[in-house]
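Heads up, the thing below is written out as structure tokens.
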Amino acid sequence: MSIEIKGVIIGEGKPKVCVPIVESHDEAILNKLKEFNELEVDMIELRIDFYENIHQEDALRNLFLNIAALQIQKPVILTIRTAAEGGEVEIDPKDYFNVYKLAVEANAFDIYDVELALGTNMAIELRTLIHDAGKYMLMSSHNFDRTPEVDSLMQKFRSMDSLEADIMKVAVMPEDYQDLLNLLLFTVQAKHEYAQKPIVTMSMSSIGLTSRLVGEQFGSAITFATVGKASAPGQIDYQELNQMLDIIHKNIQEA
């Protein structure tokens, strides 16, 4: 099953190209949002863990209200990537919740990334906050050290599904191409088991590059690209990625 947000259908056809914003200042964030809104990309992610004032409530509220005023025409994901999962900030779960509460109150975003590692109770609180506002929860798990076994990855998705995630995501670090193959095998199996919702998978670094291209065949609904600064190892320039996805899609349609 797919999800449609602002005319973008996530979970159908080509993987949707999402570009991250990793700026630290208000003006730079707002300028990037306006710039990316005009690009040939499907989605935008704001990595708020890069924001210099993430611990200041008034600054966050002001930023989110300014973002809402831009009326971005593409789906926008708000993400706090914690240091434990490769992000830029160490943040208390209560502060994590409060950041998202301010964002929801400002009606600034469409999708909220919630890390599975936050635990069941916090995930339920965040789910309630997000769903009550009519928005979507993307649950994620990132491993920058290795690629867990397929069964372990599947268990993460089962946990996310039980918490009523709308979109489920895992990103892993490969040591070799066998790890990449395992991630792709997991993707196929997960797509079959969770056909009712979009899934997102990726193998990072240059070894995992292929996983960012083959979502249409294997089942991953979103792929992340760069416009300038990357937010994770192995991301490709959005224009090059679009070209490759178009070639793959064209040949699938003609087969």
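Quick reminder: no glycine exception, Cβ is built from N, Cα and C everywhere.
Note: TrEMBL annotation is automatic and uncurated.
According to DSSP, His142 (active site, proton donor/acceptor) is assigned to a strand segment. In sequence order, Arg81, Glu85, Gly86, Glu115, Val170, Ala171, Val172 are the residues of the chain that are 6 or more apart from His142 (active site, proton donor/acceptor) and have a CB within less than 8 Å of its CB. Annotation comment: TrEMBL describes His142 as active site, proton donor/acceptor.
In the three-state DSSP classification, Lys169 (active site, schiff-base intermediate with substrate) falls within a strand. All chains included, 25 other C-beta atoms sit within 10 angstroms of the C-beta of Lys169 (active site, schiff-base intermediate with substrate). Positions annotated as active site, schiff-base intermediate with substrate by TrEMBL: Lys169.
Under the heading 3-dehydroquinate binding site, TrEMBL lists Glu45, Leu46, Arg47, Arg81, Arg212, Ser231, Gln235. Under 8 Å, Cβ to Cβ, and six or more positions away along its own chain, Gln235 (3-dehydroquinate binding site) finds Arg212, Phe224, Ala225, Thr226. In the three-state DSSP reading, Gln235 (3-dehydroquinate binding site) counts as coil.
Lys169 (active site, schiff-base intermediate with substrate) is 16 Å away from Leu46 (3-dehydroquinate binding site) when you measure Cα to Cα.
Around Glu45 (3-dehydroquinate binding site), taking its Cβ as the centre, 24 other Cβ atoms fall within 10 Å, counting all chains.
Secondary structure at Arg212 (3-dehydroquinate binding site), as computed by DSSP, is helix. The Cβ of Arg212 (3-dehydroquinate binding site) has 23 neighbouring Cβ atoms from other residues within 10 Å, across all protein chains displayed.
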